[in-house]
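Trainee: I'd like to ask some things about the structure below.
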Amino acid sequence: MKLLWQVTVHHHTWNAILLPFVYLTAQVWILCAAIAAAASAGPQNCPSVCSCSNQFSKVVCTRRGLSEVPQGIPSNTRYLNLMENNIQMIQADTFRHLHHLEVLQLGRNSIRQIEVGAFNGLASLNTLELFDNWLTVIPSGAFEYLSKLRELWLRNNPIESIPSYAFNRVPSLMRLDLGELKKLEYISEGAFEGLFNLKYLNLGMCNIKDMPNLTPLVGLEELEMSGNHFPEIRPGSFHGLSSLKKLWVMNSQVSLIERNAFDGLASLVELNLAHNNLSSLPHDLFTPLRYLVELHLHHNPWNCDCDILWLAWWLREYIPTNSTCCGRCHAPMHMRGRYLVEVDQASFQCSAPFIMDAPRDLNISEGRMAELKCRTPPMSSVKWLLPNGTVLSHASRHPRISVLNDGTLNFSHVLLSDTGVYTCMVTNVAGNSNASAYLNVSTAELNTSNYSFFTTVTVETTEISPEDTTRKYKPVPTTSTGYQPAYTTSTTVLIQTTRVPKQVAVPATDTTDKMQTSLDEVMKTTKIIIGCFVAVTLLAAAMLIVFYKLRKRHQQRSTVTAARTVEIIQVDEDIPAATSAAATAAPSGVSGEGAVVLPTIHDHINYNTYKPAHGAHWTENSLGNSLHPTVTTISEPYIIQTHTKDKVQETQI
């Protein structure tokens, strides 16, 4: 213990001696470093083309005709103004030594290019002004390491597009001015990704026709969209801008604002829709804007009819002190010039809204998506009453149930607890209309198909009990399986008890038999149709073949008939006695009873149809007929011997 105490005392003694020495050494080194830095920096001088003030912390070089950034700018400069010169390019490391610079003004020059690394070293830069130059692209690479940049001005540059992640290197931005980009043609969906600290955005006079995606700007408070071309403002245009307080959409040719278009702007305080083409607004359009106190609707051609009455009432209640803010009636003629707040219901005869497409009862299985439609006039408002008494509108926030823009009630997935009656409530200035539908959610067990059928399953069981001879029916409801969008039913199981000795039979009737029977009937009908078709086809083919053969035979007969001449001569049975001698001398040599000798053939004018042609010579045959020299013989006629009572015919060919 004594040794330990001596070591401890010795250690404290050395600490007491060394600590003052270390402290004095550090002070000397700091003093030497300061002297060396002052010596290396030399005297602070202001560039000859600039004017300096506040001990060189403010340097102004405007309107000096500079074509580049001047050299020799003091290193302790906090404010540097180079506006209205002819600077065309900013090279890398131009401002590297200006570590304390907070404001850099380069507007109204001719800058066309900014190199990557042009703003290196500006760790303290707060504001960068590049408006009124000739930039065609956003110099995203030059914004690297500007960790404290709060304001960026790029207005009035011929920038053609804003790509994705154009400003993700400067997440500290709070004000971004992109106004008057008259050459702008495209804004990417992810153009403003990473700007979660942005408070002010100017996109006015950029020739924008569709609202860009502003969802990443969760902290945006002021939005300038005036001077563009928006024919209509749709729901979701300002999605995600729950912190927005001021919205300007002036002189943008807006002619239609759909209902629920401003539902997401819960923090909006000021809204300016002046100098547009609005003639009416949907019922209760401003109801979700609970903090709205300043509204500008003047210089619009308002049509003062039943659809404008709700706006007149709303203005009188929420903005009673400023009747000139919201314009005058443009139509009808007897209302022209009257302030909107002066319009009352006595001037019109209005009717309650009608529901064009009412919701229908729906049976659906658990876990599926569902919709209950309720299509209504565009200038009315739609709300839904749930079975538990909750009222939902488009602006409501529910984890699974939402009201779509067209009034449809949408379920991302249904639960058994969603079963009940849902009522669609449509309202306008004259009244309201309601339509209800029943949603039945069943369990998703045995869900093997998208649709279920109307089925009744009967289960018959038996008990062996002599005393129980009566049948008992006990209906047991079970849930329907499957999913059917509009028409389905629950399955009913009937348990039937009968007395059958020592037998257990469980017959079940399912829709499979019915489906099989229907399928057999369809197949039978199909076979009959096919058989009829085949029979008709074969009959037509047979008729075609017969017709072809008859036609061919007819053609052959016509050819043969045209090539021959048939001459029939009738010979009487009784021959005169005077001719018997001649018959004996006939060259045929036919004799005996029943022989007939043909008479001598002489030339007859009626039978001889051959005429001698010019220069032709004729000969005579054995019959004495004149023939052409080429014909020297002629077949002798046939002698046909028949019964005495028959007639003899001679055929000469």
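Cβ coordinates are placed from backbone N, Cα and C, and glycine is handled just like the others.
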Trainee: Return the single candidate from Cys46, Cys50 listed in Swiss-Prot as disulfide-linked to Cys61.
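Mentor: Between Cys61 and one of Cys46, Cys50, Swiss-Prot records a disulfide, namely with Cys50.
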Trainee: Cys329, Cys350, Cys374: which one closes the disulfide with Cys304 in Swiss-Prot?
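Mentor: Disulfide mapping in Swiss-Prot sends Cys304 to Cys329.
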Trainee: From Asn213, Asn410, name the one Swiss-Prot lists as N-linked glycosylation site.
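Mentor: Of Asn213, Asn410, Swiss-Prot lists Asn410 as: N-linked glycosylation site.
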Trainee: In the repeat 'LRR 3' (124-145), how many residues does DSSP assign to helix, to strand and to coil?
Mentor: 4 helix, 3 strand, 15 coil
Trainee: What mean pLDDT score does the domain 'LRRCT' (300-352) have in the model?
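Mentor: Here the mean pLDDT over the domain 'LRRCT' (300-352) amounts to 87.
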Trainee: Could you check what DSSP calls Cys306 (disulfide bond) once collapsed to helix, strand or coil?
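Mentor: Helix, per DSSP.
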Trainee: Quick one: Cα separation, Cys52 (disulfide bond) versus Cys304 (disulfide bond), in Å?
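Mentor: Between the Cα atoms of Cys52 (disulfide bond) and Cys304 (disulfide bond), the distance comes to 62 Å.
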Trainee: What parts of the chain pack near the repeat 'LRR 3' (124-145), using Cβ distances under 8 Å and only residues at least 6 beyond its ends?
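Mentor: Residues 78, 83, 88, 90, 99-112, 114-118, 151-163, 165-170, 177, 183 contact the repeat 'LRR 3' (124-145) from elsewhere in the chain.
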Trainee: To the nearest whole angstrom, what is the C-alpha distance linking Cys424 (disulfide bond) and Asn434 (N-linked glycosylation site)?
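Mentor: For Cys424 (disulfide bond) versus Asn434 (N-linked glycosylation site), the Cα atoms are 5 Å apart.
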